[in-house]
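Pulled the feature table from TrEMBL, pasting it below:
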type: DOMAIN; residues: B:65-258; note: domain 'OTU'
type: ACT_SITE; residues: B:ASP73; note: active site
type: ACT_SITE; residues: B:CYS76; note: active site, nucleophile
type: SITE; residues: B:ILE207; note: site 'Interacts with free ubiquitin'
type: SITE; residues: B:TYR221; note: site 'Interacts with free ubiquitin'
type: SITE; residues: B:ASP223; note: site 'Interacts with free ubiquitin'
type: SITE; residues: B:TYR247; note: site 'Interacts with free ubiquitin'
type: ACT_SITE; residues: B:HIS251; note: active site
type: SITE; residues: B:TYR252; note: site 'Interacts with free ubiquitin'
Amino acid sequence: MAGSALRRLMAEYRQLTLNPPEGIVAGPISEDNFFEWEALIAGPEGTCFEGGVFPAKLVFPPDYPLSPPKMKFTCEMFHPNIFADGRVCISILHAPGDDPMGYELSAERWSPVQSVEKILLSVVSMLAEPNDESGANVDAAIMWRDNREEFNKIARRIVRKTLGLPS
Amino acid sequence: MDQTEETDAVNRDELIMQQQRQIEKEISDTIPLVSEEQPVDSLNNEYMGDDVYGSKVRDLAAKYRAIRRTRPDGNCFFRAFAYSYLEYLAGHKEDYDAFKELALKSKDKLVALGFPQFTLEDFHDTFMEVIEHVSPGENDKQELHKLFNAQGYSDYVVVYLRLITSGQVQEGADFYQNFIDGNCTIQEFRHQEVEPMYKESDHIHIIALCSALNVGVRVEYMDRGEGGQVKAHDFPEGTDPKVYLLYRPGHYDILYPN
């Protein structure tokens, strides 16, 4: 089983290297282990995360792509759909039925024809448009809704931090 | 909810999911993906002293010579169907050739219906490889059984049949919409109930797969209902079945007629 997962991950890596989507770099941390990837995601333009480069780690299960990977930002993050420990909480990372956040029926779910690229593109959209209905970070969700100015300020500080600039 | 409660809630979800995985692992450690043929009356072991099921097992045993069990992992319909149909095709060259042609063309059809070519190809390639391995000229009768108990091949065949089923539901959206309950669109149904692994199948999956592949399936229903006999249902109605399955609430196994 891990054989087909490895074959698929190698193909996805090749694809992402040949045709990288804008603002996304991703690949295995070490060529010895294709089941752990690092991704760098550029904050989408025109949003409070613009200019930042956010590192994240993806861990793939042995039965990938039947089951989805897990994804976790490794930098400080403050966002309604990212847990305090960095774990990303969006519907595409969950199969239907595996539903910790009670996603809407229409939300895009994991299925074997999804891909790393689709996940990362969803994460970029999530950065641009947080979903405050399924709050992984309740404080961030409330601030996003009620005090956008303060939220933007924190986001800009995190952006500077990812670039190694003094806040 | 403060931070501690939030963390607790997350941990609880993690624990539930862990337990779920543990149960799944116990099932997969003890039950093969597809078993060897067993006598039909071996079903009695599960229904000791149960008159309703006892009489239905007798009825079933009069019509079928053997049963082949599949692992109850939510994929049982697709796995049982694929195994049984490929086994039939291995003995029928003309049907095999027609099916291979249909399978070959199915990729372009699914891409045209909007599936991403890149990820689809992976499953299609494996599907074709399996079909190739069980061609009527193949001498090793155990090949099919080996492939279907190798998770990598077996699960990929299931995925591809799910995609074909999903494509069929999409193509016949006007028809299939009638069978889907009101607050779920065709797209939602395909993405939530058909394409993901481990999701159980319903009549709509069976009808869609049978029509997409042009194969008749007979399902023998065995439940607690009255009458003392199993009830046969053919999909699509009036066709000559090539695949025989036993349905007990929540699960499909393969049957071999006398």
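The backbone N, Cα and C atoms fix where each Cβ goes, glycine too.
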Near B:TYR252 (site 'Interacts with free ubiquitin'), which recorded positions out of B:CYS76, B:ILE207, B:ASP223 have their CA within 10 Å?
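Matched recorded positions: B:CYS76, sequence order.
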Measuring Cα to Cα, how many angstrom lie between B:TYR247 (site 'Interacts with free ubiquitin') and B:TYR221 (site 'Interacts with free ubiquitin')?
5
By CA distance, which of the recorded positions (B:ILE207, B:ASP223, B:HIS251) lies nearest to B:ASP73 (active site)?
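It is B:HIS251, whose Cα lies nearest.
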Whole-number answer please: how many Å between the C-alpha atoms of B:TYR221 (site 'Interacts with free ubiquitin') and B:CYS76 (active site, nucleophile)?
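Answer for this pair: 15 Å between alpha carbons.
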Which one is it, among the recorded positions B:CYS76, B:ILE207, B:HIS251, that lies nearest to B:ASP223 (site 'Interacts with free ubiquitin') by Cα separation?
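When the Cα distances are compared, B:HIS251 comes out closest.
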Tell me, by DSSP, whether the residue listed as 'active site, nucleophile' is helix, strand or coil?
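The three-state answer is helix.
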List every residue in the same chain as the residue listed as 'active site, nucleophile', at least 6 positions away in sequence, whose Cβ is under 8 Å from its Cβ.
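The list for the residue listed as 'active site, nucleophile' reads B:THR70, B:SER201, B:HIS251, B:TYR252, B:ASP253, given in order along the sequence.
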How many neighbouring Cβ atoms, not counting its own, are there within 10 Å of the Cβ of B:ILE207 (site 'Interacts with free ubiquitin')?
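For B:ILE207 (site 'Interacts with free ubiquitin'), the 10 Å Cβ neighbour count is 21.
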Determine the Cβ neighbour count for B:TYR252 (site 'Interacts with free ubiquitin'): the number of other Cβ atoms within 10 Å of its Cβ.
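Within a 10 Å radius of the Cβ of B:TYR252 (site 'Interacts with free ubiquitin') lie 24 other Cβ atoms.
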Out of B:ASP73, B:ASP223, which has the highest number of nearby Cβ atoms, where nearby means within 10 Å of its Cβ, if these are the recorded positions?
B:ASP73
